[in-house]
Amino acid sequence: MATKFPKFSQALAQDPATRRIWYGLATAHDFESHDGMTEENLYQKIFASHFGHLAIIFLWTSGNLFHVAWQGNFEQWVLNPLKVKPIAHAIWDPHFGQPAVKAFTKGGVSYPVNIATSGVYHWWYTIGMRTNNDLYSGSIFLLILASVMLFAGWLHLQPKFRPGLAWFKNNESRLNHHLSGLFGFSSVAWSGHLIHVAIPESRGLHVGWDNFTKVYPHPEGLKAFFTGNWSNYAANPDTADHIFGTTEGSGTAILTFLGGFHPQTQSLWLTDIAHHHLAIGVIFIFAGHMYRTNWGIGHSLKEILDAHRAPSGRLGNGHKGLFETISNSLHFQLGLALASLGVITSLVAQHMYALPSYAFIAKDYVTQAALYTHHQYIAGFLMVGAFAHGAIFFVRDYDPEQNKNNVLARMLEHKEAIISHLSWVSLFLGFHTLGLYVHNDVVVAFGTPEKQILVEPVFAQWIQASSGKAMYGFDVLLSANTSIAKNASSNIWLPGWLEAINSGKNSLFLPIGPGDFLVHHAIALALHTTTLILVKGALDARGSKLMPDKKDFGYSFPCDGPGRGGTCDISAWDAFYLSMFWMLNTIGWVTFYWHWKHVTIWQGNAGQFNESSTYIMGWLRDYLWLNSSPLINGYNPFGMNSLSVWAWMFLFGHLIWATGFMFLISWRGYWQELIETLVWAHERTPLANLVRWRDKPVALSIVQARLVGLVHFTVGYIFTYAAFVIASTAGKFG
């Protein structure tokens, strides 16, 4: 007899209802719950899957390189990065006939194409690539690497090459290898690539496999290093007149601390970036030699954590027990990793536009908008995932005995104080911010805009001034002519910083006013509300006043059994579910703010944002409605244009988003009745009734319907806004 799906759960495989399929899909990646799973086997499976993950990433990057080399215009773009539109790939079969072919034929080629808005052209150009051959070589190299990773994944599942449980639990060795090898060594290697290949290329000197051993990246070679004259490597940097990619105005420095931006490319100085990576690499290599492994020297993480107790005694046993708790809980580890990655991804979104490191990317406005939006959304998903796995940790892995009176236990004991404080902050921010917006809306609607309550963000302006922004007249730290800090920064370190922060050519410390003050507090409200939902979900995951034995029902339970009425919305899963909507709401406000402020600055019309962002109708009318015209006019009775595909995606995104509500607003009984009606009709329809199924149709559970609704809501929301950002920006700036 053929075994039914899912093979990993005999109980599910024998379920006579369609539950078998849906629960099988839902638990496919929940390795812990699979039949016959041991802790060692669990670690081995996850470890092997990492290689598969890396293979997918390398294959995807290889595909980018290959398609640009084959169908793109990289070599033409290199000659004129500001005017030529970078091509991602060709469109094989443009629908809607000749008008479509014409609309999508651009970028200096004779066939219809998609324009790249990911910034890969700028990245490849900055790191020293100049020809299609360079791209092909990179593509083939990554393809080979992907194959090696797939093989490694397979190999590490074979009995001879499976690491044992002790190997996975050896925290100090893993830290040493990851800090020194993964972060340290790779940072130094990247610094080496920048010094040996990218910087010479930016000065018009090509370094390839044929000559890289003969070309000195610096006139003195390694002499300055071994004689201790390290400052020689910073002498004679590129001048302000340097033309990127040529010898004109170029210097010989390889490791500098100039600060600010290259005047022509408006990106960070490559020599500053190389210096940064070298310093980071050296620090991490040191850090990777700090933990005790073979020779009994260095730190023991267990000793450090067990010793961490507040001298006042107010934190009980402090970090005692955390070493074992974290080491034995993959969910705890994943939660920490997701939280860290979430924060850093949001920082990437911020830094990619404020401190652009790739040549000319600051002037590709569509790419700037796309990259910011992309990274903020990714950060949102990662952060919510961190709390979800934190909650699963509390349900599945938390041991009250092991954590007696330590910081984890004490956090659970005073969770009411944490939750009520977050609740108070959210209410305070919400009522005050909305109150200001609504007041301003009313007075503007009645024709007296001068009666608006406009609050200058003086504290934020003071922080900008202390970093060197002179326009506010605060005379503090770097913006005070008499301060030691200003003299040091101008003459000793980062001399280009002050010029950059006070220049109108970049997005570094943009001028802020009452509109920024209000939207800042709206975003603070959204962040605190999202955090409240997530923190409450995790802290109540083991039990709450209404349901003290919640942990016994697992991470996601439906409304359970007699006398359990009203428990539909209190599983840890439901907190994650609700938080997702708030997360999307938060990222929406963040990206609306960033995009509108930048679009008005790029158009030389910053006044529009400043005047209209202080009341809600301004946001609806002058941001959303005004910028949606390219999407509404993407195609009409007169034909189509190059934005038509985004107009269609905008519509389609709305449709998917709206479909979500069908699942979100209806509960289980509706679906059971609908399915039974459909089955009845199916069985009485000629031809259709020849197709039978063995599984008894069972409707979606409440949790499943919510998931289906959430996925539609999320995907539709993102499709809609992605199309809006790209089309509204491309419609203005090409």
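Glycine is treated like the rest: Cβ placed from N, Cα and C.
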Task: Look up transmembrane segment in Swiss-Prot and report which of 175-199, 450-474 it refers to.
output: 175-199
- prompt: With every protein chain in view, how many other Cβ atoms are within 10 Å of the Cβ of W671 (phylloquinone binding site)?
  reply: 20
Field: Count of other CB atoms lying within 10 Å of the CB belonging to Y670 (chlorophyll a B3 binding site)
entry: 15
Chain residues outside the transmembrane segment (273-291) and at least six past its termini with a C-beta under 8 angstroms from it: 171-173, 175-181, 183-191, 194-195, 198-199, 234, 254-257, 298-301, 357
Query: Whose Cβ, among the binding-site residues C568, M662, has more other Cβ atoms within 10 Å than any of the rest?
result: C568
- prompt: Is the transmembrane segment (135-158) packed against any residues at least 6 beyond its ends, judged by a Cβ distance under 8 Å, and which are they?
  reply: 44-45, 47-52, 54-56, 58-59, 61-63, 65-66, 68-69, 74, 124, 129
- request: Around the Cβ of C559 ([4Fe-4S] cluster binding site), how many other Cβ atoms lie within 10 Å? Please give the count over every shown protein chain.
  value: 17
Statement: Students should find that the Cα atoms of Y670 (chlorophyll a B3 binding site) and C559 ([4Fe-4S] cluster binding site) sit apart, in Å rounded to an integer, by 16
- prompt: Short question: which residues 6 or more past the ends of the transmembrane segment (417-439) have a Cβ under 8 Å from it?
  reply: 411, 452-453, 455, 518, 521-522, 524-525, 528-529, 531-532, 535-536, 539, 614-616
